[in-house]
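Enquirer: According to Swiss-Prot:
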- K38, R52, Y64, Y167: substrate binding site (BINDING)
- D92, D97, D130: Mg(2+) 1 binding site (BINDING)
- D97: Mg(2+) 2 binding site (BINDING)
Amino acid sequence: MSKKPLYVAHPWHSPTLTQDNYESLCCYIEITPYDSVKFELDKATGLLKVDRPQKFSNFCPCLYGLLPQTYCGTASGNYSGEQTRREGIQGDKDPLDVCVLTEKNIHHGNILLQARPIGGLRIIDSGEADDKIIAVLEDDLVFAEIEDISDCPGTVLDMIQHYFLTYKATPNHLIKGSPAKIEIVGIYGKKEAQKVIQLAHEDYLSYIGDTAEVN
């Protein structure tokens, strides 16, 4: 009997991002609203690792993870700079982040799911583009009817924005009103989200090509 080597698919590289021109997306979930620890994908190994305990009272209000086969590089940074009219904006050199809305209770990450993009948050984090795509779980009984972020309940968007604006802030920074490192400079709809995803996908293909040439 032949022995086959063990192989675990890498969540960043192995899944196909989309098969229908960014209408439906494969999403890798890292953390859930039930996690008191922030997990993130270790890009080198493909394993889910502990990044840090969630600070203070902040808990992510939705499923949160990344889009496989995306990378926020040159094209993503340049586009963010164009849209915000700021110079020197770079991609954060990470996969594109995604927030997935669902009414179901999903208690653990390290899973793949299919979701539809409805929009996104244009975020600048310490001078780098760090957009968050907002998507809805396919066939969700509540959120699946949402086609665009303009249809999303304002309270849901408020919770998501509040999390990203405060999850790195200390009480001292908030009390003193110190300048925020994270800025939400815009909210956009489905078509713009698909553009952002496409650019991150193109950045990924360039990044993988450059990495292969170096190796």
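The backbone N, Cα and C atoms fix where each Cβ goes, and this holds for glycine too.
Set these features in their place in the structure for me.
Expert: Listed in sequence order, Q54, K55, N58, C60 are the same-chain residues at least 6 apart in sequence whose CB falls under 8 Å from the CB of Y167 (substrate binding site). When secondary structure is read from DSSP and collapsed to three states, Y167 (substrate binding site) falls in the coil class.
Note: D97 (Mg(2+) 1 binding site) has non-local neighbours Y64, G65, L66, L67, D130, D131, K132, I133, i.e. same-chain residues 6+ apart with C-beta under 8 A of its own C-beta.
The secondary structure of D97 (Mg(2+) 1 binding site), as reduced to three states from DSSP, is extended strand.
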Enquirer: In the same chain, outside K38, R52, Y64, Y167, whose C-beta lies within 8 angstroms of the Cβ mean position for the substrate site?
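Expert: Close Cβ neighbours, site residues excluded: I31, F39, E40, D51, Q54, K55, N58, C60.
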Enquirer: Can you list the residues of the same chain, besides D92, D97, D130, whose Cβ falls within 8 Å of the Mg(2+) 1 site's Cβ centroid?
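Expert: For the Mg(2+) 1 site, the extra neighbours are C72, D94, L96, I123, D125, E128, A129, D131, K132.
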Enquirer: Near K38 (substrate binding site), which residues of its chain come within a Cβ-Cβ distance under 8 Å, counting only those 6 or more away in sequence?
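Expert: Long-range Cβ contacts: I31, V50, D51, R52, P53, Q54.
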Enquirer: Work out the three-state DSSP category of R52 (substrate binding site).
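Expert: Its secondary structure by DSSP: strand.
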Enquirer: For D130 (Mg(2+) 1 binding site), which of the three DSSP-derived states applies: helix, strand, or coil?
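Expert: In three-state terms, D130 (Mg(2+) 1 binding site) counts as coil.
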